[in-house]
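Single-structure report; data block below.
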Amino acid sequence: MKIKALSKLKPEEGIWLTEVEKPEMGHNDLLIRIKKTAICGTDVHIYNWDEWSQKTIPVPMVVGHEYVGEVVGIGQEVRGFEIGDRVSGEGHITCGHCRNCRGGRTHLCRNTTGVGVNRTGAFSEYLVIPAFNAFKIPAGISDDLASIFDPFGNAVHTALSFDLVGEDVLITGAGPIGIMAAAVAKHVGARHVVITDVNEYRLDLAKKMGVTRAVNVMNEKLEDVMSDLGMTEGFDVGLEMSGNPSAFNSMLTNMNHGGKISLLGIPPSDMTVDWNQVIFKGLVIKGIYGREMFETWYKMASLIQSGLDLTPIITHHYKIDDFQKGFDMMRSGMSGKVILDWE
């Protein structure tokens, strides 16, 4: 049976709507009928066919890894799921046999493969994943929100790596993940949450999500913002979401002694760092990759159930046949999360 899918068909700029064979599930898998998908920054990299994509993405391949759908098939060894369950899923497929997997630290699996990156993705009418990777969506959480659980998980993992209650938090990079991390920080009790970027559209979006200050670093100095807020010692926690070297070095400059930094943004490999700031301030830096399985997922659901409102981050919806408009919108930088509807 042929189904619709968005695929990387050629080693050049673009994504194409095509037909592929419906995937077949194994004994330990679920077959999921996709309802909605969201476009990730990674999908934009794949669309643009940048240096990372050229090294990483097999062609041809169905892409995409942010989704919500309904279980329509269950492998014979699978327990705990029923036909009709609403699910999203962890996009990192882990090996199960390395030391970290066996020690319960599956997000650190050295043999991880990615849905829509190294194996068939979710931009399709149907997806097969290991049942281990599926996460049931509680009633009361909308399909729209469920479809962005993957990037929301990046935000939650990054933000909740350190205690935020009563702390002053600096977030560099107001992409959708940075903005969601800011909303999480405010929701769990941070005092001042300051986010920086140069994109006014996204800074306005951050204001709608409740940040203390959204700072365009082209027009305003962080030192002046800290002074306005009555901060005399620097930020307690930093969340680096941009991969921008000057943003990271500005963060180091403005951290308090003993401050803690989560790094999610991917910088150039030759980024220059003022390590004296790290050493003499006694800073702690933690690299963040993906989501903790599945502690982050439970936290995500609980945060929404306890009143965290992420709806402003979803700014655009398109039918799957209009996927090109969705990618154009994401590439323009004038959007939050963009949802593609498969129904």
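Each residue, glycine too, has its Cβ placed from N, Cα and C.
T42 (active site, charge relay system) falls within a helical segment according to DSSP. The active site, charge relay system annotation in Swiss-Prot covers T42 (among others).
Look at Swiss-Prot and you will find H45 (among others) tagged as active site, charge relay system.
A sphere of 10 angstroms centred on the C-beta of E66 (Zn(2+) 1 binding site) encloses 30 other C-beta atoms. Here Swiss-Prot flags C40, H65, E66 as Zn(2+) 1 binding site, drawing on sequence analysis.
Using a 10 Å Cβ-Cβ cutoff, C109 (Zn(2+) 2 binding site) registers 21 neighbours. The Zn(2+) 2 binding site annotation in Swiss-Prot covers C95, C98, C101, C109 and rests on sequence analysis.
On its own chain, L264 (NAD(+) binding site) has N154, H157, T158, I177, L239, E240, M241, I288 as residues at least 6 apart in sequence with a Cβ closer than 8 Å to its own Cβ. Secondary structure from DSSP puts L264 (NAD(+) binding site) in coil. Among the features that Swiss-Prot reports, NAD(+) binding site is placed at I177, D197, R202, L264, G265, I266, I288, Y289.
When the binding-site residues C95, I177 are scored by other C-beta atoms within 10 Å, I177 scores highest. Neighbours of H65 (Zn(2+) 1 binding site) among the recorded positions T42, D197, G265, defined as a Cα within 10 Å of its Cα, are T42. In the three-state DSSP scheme, I177 (NAD(+) binding site) is classed as helix.
Closest in space to T42 (active site, charge relay system), of the binding-site residues given as E66, C101, Y289, is E66, taking the CA atom of each residue. Candidate binding-site residues: C98, I266, I288. Fewest other C-beta atoms within 10 angstroms, I266. A sphere of 10 angstroms centred on the C-beta of R202 (NAD(+) binding site) encloses 23 other C-beta atoms. Y289 (NAD(+) binding site) sits 17 Å from H45 (active site, charge relay system), taking the Cα positions as reference.
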